[in-house]
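Feature list (source: TrEMBL):
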- A:Lys541: ATP binding site (BINDING)
- A:824-879: coiled coil (COILED)
- A:19-578: domain 'Aminoacyl-tRNA synthetase class Ia' (DOMAIN)
- A:620-749: domain 'Methionyl/Valyl/Leucyl/Isoleucyl-tRNA synthetase anticodon-binding' (DOMAIN)
- A:819-882: domain 'Valyl-tRNA synthetase tRNA-binding arm' (DOMAIN)
- A:51-61: motif ''HIGH' region' (MOTIF)
- A:538-542: motif ''KMSKS' region' (MOTIF)
Amino acid sequence: MSETTKKNVYNPKEIEERYYKLWEERNYFEIEGNKSIQKPDKHFTIMMPPPNVTGRLHIGHALTFTLQDIIVRYKRMDGYKTLWQPGVDHAGIATQNVVEKQLLAEGTTKEELGREGFLERAWLQKENSQDAITGQLRKLGVSPAWSRERFTMDEGLGNAVKKSFKQMYDNGFIVRGNYMINWCTHDGALSDIEVEHEDHMGKMYHINYPLADGSGNITVATTRPETYFGDTAVMVHPDDERHNALIGKKIKLPLIDREVEIIGDSHVDMEFGTGFVKVTPAHDTNDYEVGKRHDLEFITIFDDKGFLNEHCGELQGLERLESREIIVAKLDEAGFMVKIEDHAHQVGHCYRCKNIVEPYISKQWFVKKEFAASAIEKVNNGEAEFFPSHWINSYNAWMGELRDWCISRQLWWGHQIPVFYCDDCDHEWVEEGDAPHVCPKCNSEKIHQDPDVLDTWFSSGLWPFSTLGWGNDEAFKGELWNEDDMKNFYPNNLLVTGFDILFFWVARMLMMGENTTGELPFKDIYLHALVKDEHGEKMSKSKGNVIDPLETIEKYSTDALRFTLAVLAVQGRDIKLSEDKLEQSRNFTNKLFNATNFLQLNQEHFDDLNPENIQTPLGKYMLSRFNLAVKETRGFMDVYRFNDAATVLYRFLWGEFCDWGIELSKADKASVAELGSIFKASMKLLHPFMPFITENLYRRLSEGELEDSESIMVQAYPEEAKVDEDIIKKFDLIMEAIVSVRRCKTLIDKGNQKIEKAIVLLSDINDKWMMKPFIEKLGKVENITIQSRNKITETILSKSFISDISDNLETYISTDDVDMSAIIGKLTKQKEKLEKEINKLNGMLNNERFVANAPEQVIVENRQALADASEKMAKVEGELKGFA
RNA sequence: GAUCGCGUAACUCAGUGGUAGAGUGUUUCCUUGACAUGGAAGAAGUCGUUGGUUCAAGUCCAAUCGUGAUCACCA
């Protein structure tokens, strides 16, 4: 039989698309989607981290959106007016790079298209990518309020950016100035965290600088010889007795003969290198500080594209990275190169294009680090809480060492900085409304806007409230947001995202939210780990270990993928995703599917759960187990322990409901109707994790199709209810008896067969008439005798019985009626075989010549084999003795 | 260098001071009327190491070893 035509196998494909479409059409995802079960004044807000409009979803997105959807569906079913805000991010550098590559492939460039033409292409990319991404999100079964979908560059959010920029500018938190910044010759200015430092095996070049008075040479060591054109000093440690006498003297830079002074500065590490350090204030962060301290000249030696300039003599016009070899060769030729050693160090790369980043002096816009102060304080006062809690350490460490945040970017794609300059009177002002035509100070029409755009994270930082209408003016009001959104949905309740963007995004939202609205933007911050492959390796295209969420859905179903991600989402631990785990979840869906099949063998439809209608002992038992599962699931959900909640559901549904509930119901048909109701309620409990199959099975067990009934997703989430400890105790005993009987039967090789009689001894036999049929049915015994412990012992001892003794009871099976000869025969045969084996091995190992000549490994193996055989022998003999 | 994780069964991992747990794998058995993507019964653990706190430690504290991540660095 082929895969697809197999009987009794759950087929998710036909329902997923159909259900999703219905849910969305009925507006279930919207803030009033659960209106019929909404409780007064209960709101729940969570912002979707907007995916970049650069491409497709990866497995990390699947994780983060699955976890968010689980919480959102839970809260929605629990009666909260729920807003899960969707949207996408314009992702300045990343998107611009994608579009540039497209243009390159078409044989053109952004310069040829011009700014406006280029932006048209970028908008096209945005449209295509947004369609792809939201389509993929729908396949994941997630339930954000699609009608409110935003884009970080839509008109309303653009207004919010201008408004908050002005606010920050007016408050002195945004300034413009010449700073030493991180410069990518491809992407322009970067903030500190957009630079990735990577280990690099480079060289340490020792270069002679001749003293200007001709009295000799000093030797400096550098990893970047090409920067010597920008040297404006050489420094030594003032306490360095080897060299400090030279302070105040001058040296002549090789080849270009420019003279610079030897200065003393305690920044120098006397232990390292030669003790002489070349100082290049315009191209090194430390040297920049030294330069300021000593009032040195700042010589910039290459332009913003990285080409050497007039300060570099005959090397002018070369690209900075290409120039190194040439300079080294020339210095060597002229006799200035002393030696070149291998040297491991760290080199900064652009996080988007991997280009080597340069420290570079440039005039840019900055957010002052003081902007973070109140957000640091409030988070530490407990006004926001991290899950797992240890992330507050990283937050504090980073926020505490914050430097001014460079927010201007030399890009075209993004929010253009709302600052205008007057070409006539040099007036500079921020415009939060429409673009002005004249200078407000001198009325000149010769004005221009700053050509740069803002760092993407500036607008993302406003996301928790700009999407609620803050600063939007009238744009999309009543359409994408409502008047009272800020009141109802701000601060947000929860943020879920990967720990890798704690600094990029979370920290920025906290400081921008705090300063802009006076409140932290959210209460709980759940940071999940990254999805790795089954060996714990990071996924990457080059390694070929990427797991594609859509392929996975195709193979295992959306529910299986979601459940797998949830069950692996342990706080603070990487998620190692593997086919094995996905298979396990798929098997789980199949188990649920077949449980439904079983229930429907008995009756077609079942009532929704009403505890008062649960009357049979088994029904009451399963209800109590269900109530326990409700309590645990809710408890774990409330502290974002997705793995624990998922495990509880798995254990309850498979280990308790199917393995025991269904099996026991075969001995009590009257309980099946009750189990059906409990199963339907369990589908509600599981729904946030596996939305599709739960809807499907719930539907099958109820009257009517989804097309003409209310979805499971807007029904009340099961509430905690009383657990009947007494009935649990009774069934624990029943199950213990069944296991004991089965164990006993295994001893006589009748594990799977029905036997005539067995005796179970208990201390309390009050409920024996209730217990009897269950034990008989599941233990496969025609007639179970349940007796009080003290009475029967003597009778049993007088006959031949085998026994099993467990914590609370004893089971006896007579061997009189059983043909023991077969078992004894089997065991005897086994015994003989083992005897032969042991004799053979003993013979070999006692043979001196064997021990002396055989390879060590063979001897070890034989010894082990002997030990194993002896152990088995002891067991077999023990069993035979029992039958004697 | 600083900070933060992690170390528990063969593997992947839960474990919230109170008798060591799950899934997978493994051994034996079972096509038993929901399910072989299944069922039954088992075997399997010096909880990294050493100290300490406690009536009680896998759990709390200290040290140490191994391992990973993040941040910061020396030209």
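Cβ atoms here come from the backbone N, Cα and C positions, even for glycine.
Automated prediction, rather than curation, is the source of TrEMBL annotations.
Predicted-model confidence for the coiled coil (A:824-879) is 73, expressed as mean pLDDT. For the residue listed as 'ATP binding site', the count of additional Cβ atoms within 10 Å of its Cβ stands at 7 [all protein chains shown].
Look at the motif ''KMSKS' region' (A:538-542): DSSP puts its residues at 0 helix, 1 strand, 4 coil.
For the domain 'Methionyl/Valyl/Leucyl/Isoleucyl-tRNA synthetase anticodon-binding' (A:620-749), the number of residues in each DSSP class (helix H, G, I; strand E, B; coil) is 100 helix, 0 strand, 30 coil. Across the range of the motif ''HIGH' region' (A:51-61), the DSSP-based residue counts are 3 helix, 1 strand, 7 coil.
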